[in-house]
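Trainee: So TrEMBL has the following annotated:
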REGION    1-113  region 'Disordered'
COMPBIAS  1-14  compositional bias 'Polar residues'
COMPBIAS  38-49  compositional bias 'Pro residues'
COMPBIAS  63-92  compositional bias 'Low complexity'
TRANSMEM  123-146  transmembrane segment
TRANSMEM  166-187  transmembrane segment
TRANSMEM  199-232  transmembrane segment
Amino acid sequence: MPISFRCSSCQSTIRVPDGTEGKKTKCPKCEAIQRIPEAPPITPPPATPPEELASKREEESESLWASLESEPTSTTASTSPNPFGDGPDPFGAPRQNPYSSPAVPGHNPGSRESARAKLMGPFIGVLISTILGVLLVAVSGAIQIANLNEVIAAQDFDTDAERTGFLFGFFGFYAVIFCVGLLTTIAMLRGFAIRSYGFVFTGFILAMTPCANFCFCFLAMPFSIWGIVVMLDDSVKSAFRLP
């Protein structure tokens with residue numbers, strides 16, 4: 001065991017090999033000549049009395065037997081792996097990791113109530129303008145049909161073909177207004193139920209044309225644009241797809 005002592009000049013630690021007691025050595029730091037002191041005698045640890053050693057052995061043996069008796073007999077059977085026990089199915093669906101991030105972050109499917117609340121304004125605006133346009137055309141058509149003979153006489157047709165063409169265009173105009181207005185109205189009613197996404201989207205487009213609500217198309221145009229913008233929202237789309 002090497003001998004360690006401090007230099008009397010610079011107090012740095014000097015280590016020399018064992019067996020050099022009484023010889024001189026040089027400090028590696030200040031190069032002062034130092035005499036190697038004698039190694040301190042190694043004192044053996046105090047011997048344990050035989051009575052205390054015997055009592056300690058008895059306590060260790062008693063604690064060992066107590067630990068063995070307290071363990072259940074099925075410990076070895078439960079800790080041993082069972083090749084036929086329940087395990088993960090290699091052919092089944094993968095288990096969902098509760099700590100994994102969602103597949104589409106930030107996307108939450110919307111409910112029908114939230115989609116209906118967003119579309120309530122466009123639905124009401126388009127529905128009112130369409131009903132007003134259809135009512136105006138209905139009143140105008142009823143008045144002209146009641147006086148159809150005077151209307152035809154005022155045109156002063158020369159041939160029956162001209163008269164037939166006029167009547168075809170006359171009734172065709174009112175038929176188109178009624179049919180397109182009826183489709184737009186049904187589309188808005190389906191929209192209140194948040195059903196038929198494509199049909200409702202088409203209803204908003206038709207509401208911007210005079211074929212749906214006649215001269216009230218200018219009133220329906222801002223509501224239709226508003227409804228189309230809301231319909232393009234992902235949460236509204238997902239609400240229409242709900243069963």
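Here, residue 1 is simply the first one shown, and the rest follow in order.
The backbone N, Cα and C atoms fix where each Cβ goes, glycine too.
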Trainee: Could you break down the residues of the compositional bias 'Polar residues' (1-14) into DSSP helix, strand and coil, giving a count for each?
Mentor: 0 helix, 6 strand, 8 coil
Trainee: Mind checking which residues reach the transmembrane segment (166-187)? Cβ under 8 Å, same chain, six or more beyond either end.
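Mentor: For the transmembrane segment (166-187), the list is 126-127, 130-131, 133-134, 137-138, 141, 144, 151-152, 155, 157, 196, 199-200, 202-204, 206-207, 209, 211-214.
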